[in-house]
Amino acid sequence: MINTWPSPAKINLFLYVTGIRSDGYHYIQSLFQFLNYGDTLTIIPNTKGTIELFTESNSLVNIKNSIITAAELLKEKALHSLGKKTSHFGAKIFLNKKIPIGSGLGGGSSNAATTLVVLNNLWKTKFTLQELAELSLKIGSDIPAFIMGKTTIVEGIGEILYPIHRKEKWYLIVYPNISISTKNIFSIYSIKKNTIKKPIDFLLRSRFHNDFENVIKKKFKKIKQLISMLSLYAPSRITGTGSCIFAEFNDKKSAQKIHSLLPHNVQGTIVKSVNVSPLHHAFYKKNINLFN
């Protein structure tokens, strides 16, 4: 059986920074929704005990990234929590990368989440999604939302999740060919880091906003120009800390019309938001229970 799995992108429909911990982690309130677009991972388990990652060109990746880290963490947890011998837990992982790096679409976090969920099944370690989500915080704060796989209000540093249902819409995702480091953007002093935490029902009724957008627009003139252009036709803002911008539409035809107006030096992709992650859908289609 071919084990090819979705590693979907997300957008932050709103993102507020509500505080900062003594260790540098930021408290947030954000609304995550998944897209029917993203990377794919082909994961082939073996008993050699090694984790190997290959790119689209079948080149072996020699640097440690979120995928390798996730696989190694799962092996370690299985050893310490279950007393399982994990020396034979291995896999070849082939990454088909479509989500741009530094785009705010969550590619690295999504890759780690797909790795954890799929290897948990293939290695039969049988951890719950909640246990995987807690483990994933050792890698990154966005990963629990990808593991749980629902449209979600995210609070705390990413560990507090409130699943909600939201109307699925069409989006034009615009990548300005700029890669933005989340770590670097969080370090900028002028970003508002004390937005008052608000009740969820109030947030959902209010106009959505991203606390990073003003700083990003000042720092990157091209992003500011694209937001201004797209906002003439549809609600538009950055996702995450950028660089991608999304414009929201009620139908695909409207998104296609605005896509045709984009400058030639930017990439545009038309996608649809989904309330259930494509990764979870893939498990349902294979009749595999994620909630053991």
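Yeah, the Cβs are placed from backbone N, Cα and C, and that goes for glycine too.
Straight from Swiss-Prot, the features:
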ACT_SITE  Lys10  active site
BINDING   Pro100, Ile101, Gly102, Ser103, Gly104, Leu105, Gly106, Gly107, Gly108, Ser109, Ser110  ATP binding site
ACT_SITE  Asp142  active site
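Here the features listed in Swiss-Prot are painted onto the structure.
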residue	record	DSSP (3 states)
Lys10	active site	strand
Pro100	ATP binding site	coil
Gly106	ATP binding site	coil
Asp142	active site	coil
Cβ-centroid neighbours of ATP site Pro100, Ile101, Gly102, Ser103, Gly104, Leu105, Gly106, Gly107, Gly108, Ser109, Ser110, 8 Å, sequence order: Ala9, Ile99, Gly240
From Pro100, Gly102, Gly106, Ser110, the binding-site residues whose CA lies within 10 Å of that of Lys10 (active site): Gly106, Ser110
Among Gly102, Gly104 [binding-site residues], residue with fewest other Cβ within 10 Å: Gly102
Chain-internal residues, separated by at least six, CB under 8 A from Gly106 (ATP binding site): Ala9, Lys10, Ile99, Asp142, Phe146, Gly240
